[in-house]
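Engineer: The structure is given below, and queries will be raised subsequently.
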Amino acid sequence: MCFISFFFLFFFKMMNFFFMIYFIMKNMVFFLEWEVISFNSMSIVMSILLDWMSLLFMMFVSMISSSVIYYSKSYMSSELNLNRFIILVLLFLFSMILLIISPNMISIFLGWDGLGLVSYCLVIYYQNIKSYNAGMLTALSNRIGDVMILMVISWMMNYGSWNYVFFLNFMNNDYMMQIIGSLLIIAAMTKSAQIPFSSWLPAAMAAPTPVSALVHSSTLVTAGVYLLIRFNMMLVDMFFLKFLLLLSGLTMFMAGVSANYEFDLKKIIALSTLSQLGLMMSILSMGMPDLAFFHLLTHAMFKALLFMCAGVVIHMMNDIQDIRYMGGISFYIPLTSLCLNISNLALCGLPFLAGFYSKDLILEMVSMSNLNLMIFFLYYFSTGLTMFYTIRLLFYLMINDYNLMVIYNLYDEDYIMVKSMFMLLFMSLVVGSLLSWMIFSYPYMIYLPMSLKMMVIYVMLFGLLMGYLISNMKIYSINKFLMTYNLSNFLCLMWFMPMLSTYGLNIYFLKIGQNLLKNVDMGWSELNSGQGMFCILKNYSVFYNFYQINNFKIYLFSFFFWMLIFYLLFMLLM
């Protein structure tokens with residue numbers, strides 16, 4: 001099953017690649033309509049949109065999927081139901097492809113909902129209470145987005161068609177479009193985990209590592225970004241998009257800060273994904289969808305690779321994810337460490353790796369734009385934080401000493417995993433330059449003073465220095481110098497978002513339930529029904545019993561009294 005899926009996806013990727021080159025050269029778009037059923041005047045039509053963007057994205061998705069499935073053959077080798085896992089991954093992939101090639105809101109909704117459902121199944125794959133809680137948080141957060149898409153479908157009834165492609169150009173002015181646009185932005189914010197829906201992405205790390213590499217780094221979380229890229233012409237003048245710019249900038253900043261406090265290897269990488277998603281969303285809000293798409297593709301490559309390396313490390317460390325136990329792994333798994341370092345440096349934006357081309361271009365376009373200092377600060381500071389947590393991770397994994405046991409025997413390289421990683425490693429090296437030559441039909445004009453041009457380098461060097469210093473410090477000294485315990489707690493726990501979005505929402509309903517139980521179920525309804533009647537009858541019978549035992553006259557009188565009643569009744573009836 002593994003090999004069949006791998007070869008199928010690999011050839012599918014190659015096919016997409018050649019078609020995409022052809023489409024870009026000829027500047028072509030295919031719009032295919034397949035009439036599923038026609039009955040009298042009603043027809044159900046499935047439409048498919050193939051242009052360079054959907055083909056390119058499909059190529060990347062199928063490439064990462066093929067690597068991940070090949071990787072799973074080794075990673076999930078102890079799994080009894082490996083085929084079930086592969087089928088779930090393929091189901092996820094087909095939902096994603098349906099979302100990518102749909103110009104129609106209904107089929108987009110099918111793909112979107114399929115993503116949410118399969119993602120839930122994959123997050124609860126290891127069945128324990130933690131996975132279940134994470135899965136519920138994921139599913140219910142994404143439910144908000146699903147409802148928004150449903151509302152978009154019902155609002156689009158006003159236009160007579162759900163094929164949004166045809167009327168994107170003249171939908172800017174009326175208030176109806178403002179509503180549809182706002183709903184779409186909220187839907188994209190839930191799927192791409194922007195503030196205030198950020199808490200599900202780190203929680204979803206309860207899934208197996210191959211799932212994290214495919215779903216929570218490169219495909220599922222970018223579905224929201226992709227949707228906004230498709231609808232960008234409609235959204236570009238909206239006020240809500242400016243609001244999204246602020247929220248996504250804050251997401252980027254929040255994730256960068258939290259990643260510096262985290263000790264769980266997968267959560268650090270998840271928070272770094274969140275930070276990059278904030279970057280994509282914010283550059284999208286500034287009206288540059290092609291840059292967002294470019295960063296989406298380059299980021300997908302090195303982030304999937306980073307997750308795969310993390311999976312190898314976790315396997316080697318006997319399923320321990322805490323980075324404080326790790327150290328010196330470059331001695332034992334040199335090839336995996338090579339992949340890990342290159343993907344980490346690509347994430348930082350080291351010149352001429354994948355991340356550099358997109359990040360540098362995005363930051364220079366931000367410097368060119370006429371936005372305020374806050375947005376500028378959020379962009380550059382978050383870039384510095386990226387360097388910061390990457391260097392910290394590098395120190396904990398590569399440079400520090402091994403901290404788990406005194407006597408240890410670590411695995412050698414797993415060559416199936418390494419082969420699958422090398423494909424992504426090659427892409428992480430070349431994909432930035434390749435795409436920048438391919439998808440930008442005209443060059444961007446960037447004209448900046450020297451200080452702004454070098455700003456990215458300054459910020460990177462500052463982040464590198466800080467990462468080095470903090471990694472060398474004792475564990476609490478940064479808190480002693482810079483902030484109080486409460487403030488560092490606030491920064492560490494993602495600005496309390498996981499608590500607010502789970503217990504913070506539940507607690508009011510739970511309190512109402514508690515009061516209802518106490519006052520109604522165990523209170524008034526008991527008093528006025530069974531328990532109350534029982535008490536009244538019991539008290540009366542105790543009272544009578546007391547009299548009958550203590551006073552013989554009343555006891556005899558009660559006999560006379562009953563006889564009197566019977567006599568009177570008898571007389572009345574006669």
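Each Cβ is built from the backbone N, Cα and C atoms, and glycine gets one as well.
Dumping what TrEMBL says about this protein:
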- 45-70: transmembrane segment (TRANSMEM)
- 82-101: transmembrane segment (TRANSMEM)
- 102-383: domain 'NADH:quinone oxidoreductase/Mrp antiporter transmembrane' (DOMAIN)
- 107-126: transmembrane segment (TRANSMEM)
- 147-167: transmembrane segment (TRANSMEM)
- 179-201: transmembrane segment (TRANSMEM)
- 213-233: transmembrane segment (TRANSMEM)
- 268-287: transmembrane segment (TRANSMEM)
- 293-317: transmembrane segment (TRANSMEM)
- 329-357: transmembrane segment (TRANSMEM)
- 389-569: domain 'NADH dehydrogenase subunit 5 C-terminal' (DOMAIN)
- 490-510: transmembrane segment (TRANSMEM)
- 530-547: transmembrane segment (TRANSMEM)
- 554-573: transmembrane segment (TRANSMEM)
Engineer: Which value does the mean pLDDT take for the domain 'NADH dehydrogenase subunit 5 C-terminal' (389-569) in this predicted structure?
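Structural biologist: Mean pLDDT for the domain 'NADH dehydrogenase subunit 5 C-terminal' (389-569): 85.
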Engineer: If contact means at least 3 Cβ pairs within less than 8 Å, sequence distance 6 or more, would you call the transmembrane segment (82-101) and the transmembrane segment (213-233) in contact?
Structural biologist: yes
Engineer: Determine which residues of the chain contact the transmembrane segment (268-287) at the Cβ level, with the cut-off under 8 Å and only residues 6 or more beyond its ends counted.
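Structural biologist: Answer is 188-189, 192-194, 198, 201-202, 204-205, 212, 216-217, 221-222, 224-225, 228-229, 232, 236, 241-242, 244-245, 248-256, 258-259, 262, 295-296, 299, 303, 306-307, 310, 323, 347, 359, 362, 365-366, 369, 371, 375, 378-379, 382, 385-386, 389-390, 393, 494.
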Engineer: Who are the long-range neighbours of the transmembrane segment (147-167) in its own chain, taking Cβ under 8 Å and residues 6 or more past its ends?
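Structural biologist: Those are 31, 47, 49, 103-106, 108-109, 112, 176, 179-180, 183-184, 186-187, 190, 230-231, 234, in sequence order.
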Engineer: Under a criterion of three or more Cβ pairs within a distance under 8 Å and sequence separation of at least 6, are the transmembrane segment (293-317) and the transmembrane segment (45-70) in contact?
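Structural biologist: Yes, the transmembrane segment (293-317) contacts the transmembrane segment (45-70).
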Engineer: May I ask you to check whether the transmembrane segment (45-70) and the transmembrane segment (213-233) make contact, with contact taken as at least three Cβ pairs under 8 Å and only pairs 6 or more apart in sequence counted?
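Structural biologist: Between the transmembrane segment (213-233) and the transmembrane segment (45-70), which are separate recorded stretches, there is contact, as judged by 3 or more close Cβ pairs.
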Engineer: What residues in the same chain, six or more past the boundaries of the transmembrane segment (554-573), come closer than 8 Å to it by Cβ-Cβ distance?
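Structural biologist: For the transmembrane segment (554-573), the far contacts come to 547-548.
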Engineer: Where else in the chain does the transmembrane segment (107-126) make close Cβ contacts, counting only residues six or more beyond its ends and a cut-off under 8 Å?
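Structural biologist: Distant Cβ neighbours of the transmembrane segment (107-126) are 46-47, 85, 88-89, 91-92, 94-100, 132, 134-135, 138-139, 142-143, 145-146, 149-150, 153, 187, 191, 204, 206-208, 211, 215, 220, 223, 227.
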